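Asks: Following this message is one structure expressed as structure tokens.
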Amino acid sequence: MDIGIDKIGVYVPKNYIDIVELARARNVDPNKFTIGIGQDKQAVPQPYEDAVTMAANSADSILTAEDKQALGLLIVGTESSIDESKSSAAFLMDLLDLPEDIRSFEIKQACYGATAGLQTAVDFVSQNPDKKALVIASDIARYGIKTPGEVTQGAGSVAMIVSQNPRVLKLTRKSVYMTRNVGDFWRPTFSKTAFARGKFSNEVYVDFFNTLWKKYQEKYSATIDDFSTLLFHIPYTKMGTKALRTLEGKIPDTKYAELTEHYQASIKFSREVGNLYTGSLYLGLLSYLTNAAQSNEELLLFSYGSGAVGELYSGEIQAGFDTIIDQNSILKMLDNRQKMSIADYEKMYQIEYQNGTIVDPQAVNSKFYLSEIKENERLYKKLK
Ligand code: COA
């Protein structure tokens, strides 16, 4: 039975900051941020947005009534959870009007969460062929103002429906994975911002990619000629570039040039949005599908979550995928965003809603939003 991604949608906040303006405000050469880090814009969420509201928005962009009835599993991958106990998935049940005979939970392993969700969903569908699964990645990446990681922030959500006979990406079920206890990035429960050993994290990421690619070749007698495209976890676009560059000189030049060209298509959206944490690999997939992909292409996807878990797996783009993805709406959503000044971004960064906050819906620019914090409980609404 063929199983994989049947639909994929995205949500990004309506505001962004310009990375050149950020560089100037931090007295940094803009080339360091645009070339050295590889970013152009950074999505900035409003205080009424969080992992739940963004997840609702991305899922809502792809779910039909028929999909909802067929759902048997809902997994939200996030490392920006809003509750230590209740999962983001539970909040989505009434926001998305889902039937209650669904197994739902939240999953966390840094930026690997969505891939863990996706592979779990594939197993679920193989056991329940008539059912579908909804996997959502949703995160706000925060390192703090004036930190080295600030330029690698971002926010957004990617939602995927997994089913049999998928119309976007069939997963070949060929996969290798690994886990090591590594201190490259972490966020203690008391902290709103992440701590990272940035350069060390780069080294571990590249090492995981090389180790997994070796394992994949051995396990499946594969060669690079089996693939036309490599997609990477891209917290910032230079990071994937570093992993890709390790293949230069080890594979034919023409293949390296092809992979590099396709990688450029896969990072277009990330350059515009920034870090989605666990959604980053899937924003790259969507960018590739929207900007360059061809039917029947064989992809290799590298997922990495600090801490650290890595997985390298393959998929086949399905014929007609471009009729399933709402490319115009995605491009329009990116184009219609409003630029925010660095001063306004800094002010908004400090806002943290407290118990008793009531949000005025007139001031909201998102279909799903945090409406109130009452008795320390976050309550959500959908704009009428
Ligand atoms: N023009 C072009 N490139 C420039 C430049 C300029 N004027 N100045 C610096 N650069 C390049 C550097 O050569 C470097 O490139 P390299 O990585 O290929 O060597 C890059 O810009 C970054 O410079 P660096 O001095 O290393 O930056 P930094 O000390 O500010 O740290 C990060 C950058 C990415 C390590 C930091 O932002 C960070 O820690 N981010 C979070 C990392 C993370 O999230 N990890 C976990 C994700 S899985």
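Backbone N, Cα and C atoms are what each Cβ position is placed from, and that goes for glycine too.
TrEMBL does not curate its annotations; it predicts them automatically.
Quantities reported herein were computed from a predicted structural model and do not represent experimental measurements.
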Asks: Looking at (3S)-3-hydroxy-3-methylglutaryl-CoA binding as recorded in TrEMBL, which candidate out of Tyr143, Tyr369 goes with Asp29, Lys242, Asn275?
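Replies: The candidate from Tyr143, Tyr369 that TrEMBL ties to (3S)-3-hydroxy-3-methylglutaryl-CoA along with Asp29, Lys242, Asn275 is Tyr143.
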Asks: Could you say whether, by DSSP, Lys242 ((3S)-3-hydroxy-3-methylglutaryl-CoA binding site) belongs to a helix, a strand or a coil region?
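Replies: SS state of Lys242 ((3S)-3-hydroxy-3-methylglutaryl-CoA binding site) = helix.
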Asks: Tell me which residues of the chain lie with their Cβ under 8 angstroms from that of His233 (active site, proton donor/acceptor), as long as they are six or more apart in sequence?
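Replies: His233 (active site, proton donor/acceptor) has long-range Cβ partners Cys111, Tyr205, Met239, Gly240, Ser280, Leu281, Gly284, Phe302, Ser303, Tyr304, Gly305.
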Asks: Go ahead and report the DSSP secondary structure tallies for the domain 'Hydroxymethylglutaryl-coenzyme A synthase C-terminal' (175-247): helix first, then strand, then coil.
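Replies: In the domain 'Hydroxymethylglutaryl-coenzyme A synthase C-terminal' (175-247), the DSSP-based counts are 35 helix, 13 strand, 25 coil.
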Asks: Going through the recorded positions Asp29, Glu79, Asn275 in sequence order, which have a CB under 6 Å from an atom of ligand 1?
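Replies: Cβ under 6 Å from ligand 1: Asp29.
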Asks: Using a 10 Å radius around each Cβ and all protein chains in view, which of these recorded positions has the most neighbours: Glu79, Cys111, Lys242?
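Replies: Of Glu79, Cys111, Lys242, the one with the most crowded Cβ is Cys111.
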Asks: Excluding near sequence neighbours, so keeping only residues 6 or more apart in the same chain, what lies with its CB under 8 A of Asn275 ((3S)-3-hydroxy-3-methylglutaryl-CoA binding site)?
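Replies: When sequence neighbours closer than 6 are ignored, Asn275 ((3S)-3-hydroxy-3-methylglutaryl-CoA binding site) has Asp139, Ala141, Thr152, Gln153, Gly154, Pro235, Tyr236 within Cβ distance under 8 Å.
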